[in-house]
Amino acid sequence: NGLIITTIACDHHLHTPMYFFLLNLSLLDLGSISATVPKAMANSLWDTRDISYSRCAAQVLLVFFFFGAEFALLTIMAYDRYVAICKPLHYGTLLGSRACVHMAAAAWASGFLHAVLHTANTFSLPLCHGNALHQFFCEIPQILKLSCSHSYLREVGLLVVSACLGFGCFVFIVVSYVQIFRAVLRIPSEQGRHKAFSMCLPHLAVVSLFICISVFAHLKPPSNSFPLLDLVVAVLYSVVPPAVNPLIYSMRNQEVKNAL
């Protein structure tokens, strides 16, 4: 992620909307993996499992912020690919530098608002079932298990609203790609179709990885008798996407490889 950020920032050939959004994605991936892994590594090295209440709240805030902003940004990147392939003559107009900055800022702001609402609501609940989380980082479902207040239903309601917003983004991505594939299949030359598909496949792979792991993590049945399963799933969705995303984009992108 650090290499991609540095490369895009330093190489003026990569100062285009697609790579601007990729730079933002790498920043979010770097932030999301930094919010959980360093503390887990420190606990492992020092043979401790402790985390303070304030650090736990900060971790929840950061995890929700980075993952919420990342999904919003992936939705914007789907729009970028749609305009590039379906409306290429309007690309410079619809995705000018100011529009790109505004869209990226909206993704970061929506992620932050989403995180603040969930964190404030979760940490206003009284905890009466101990203070031990069966997880390597602070996660809202694990914290709700410790609450004895019926007001936790407010947080469940917020989670449902978030799921509906996420579903709306998912529908937007699907509709965008339906339009993209219809446009690509109308391209007469095989070389043109191959170039168009190569522009979309990295983004599609990142979106699929992000959605599949998130859905598996949050829609799997409760596993109180198998806490190890929760741990494995948490590692999957908190570590794998931020680590794999830069590989997907750099290995399939000749411009990024040349710039590197």
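For all residues, glycine too, the Cβ spot is worked out from N, Cα and C.
Features as listed in TrEMBL:
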- 1-249: domain 'G-protein coupled receptors family 1 profile' (DOMAIN)
- 18-37: transmembrane segment (TRANSMEM)
- 57-79: transmembrane segment (TRANSMEM)
- 99-117: transmembrane segment (TRANSMEM)
- 156-178: transmembrane segment (TRANSMEM)
- 199-219: transmembrane segment (TRANSMEM)
- 231-249: transmembrane segment (TRANSMEM)
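Remark: the transmembrane segment (199-219) contacts the transmembrane segment (57-79), by the rule of 3 or more CB pairs under 8 A. Long-range contacts of the transmembrane segment (18-37) within the same chain: residues 1-2, 4-5, 8-9, 59, 62-63, 65-67, 69-70, 73-74, 76-77, 80-81, 84, 100, 104, 107-108, 136-137, 199, 206, 238-239, 241-243, 245-246, 249, 256, each at least 6 residues beyond the stretch ends and with a Cβ under 8 Å from a Cβ of the stretch. Same-chain residues lying 6+ beyond the ends of the transmembrane segment (231-249) with a Cβ under 8 Å from its Cβ atoms: 1, 3-4, 22, 25-26, 29-30, 32-33, 36-37, 63, 134-137, 139, 202, 205-206, 209-210, 213-214, 216-217, 220, 256. Through the fold, the transmembrane segment (156-178) approaches residues 68, 71-72, 74-75, 78-79, 81-82, 114, 117-118, 121, 140, 144, 200, 204, 207, 211 of its own chain, all at least 6 residues removed from its boundaries and within a Cβ separation under 8 Å. In the predicted model, the domain 'G-protein coupled receptors family 1 profile' (1-249) shows an average pLDDT of 84.
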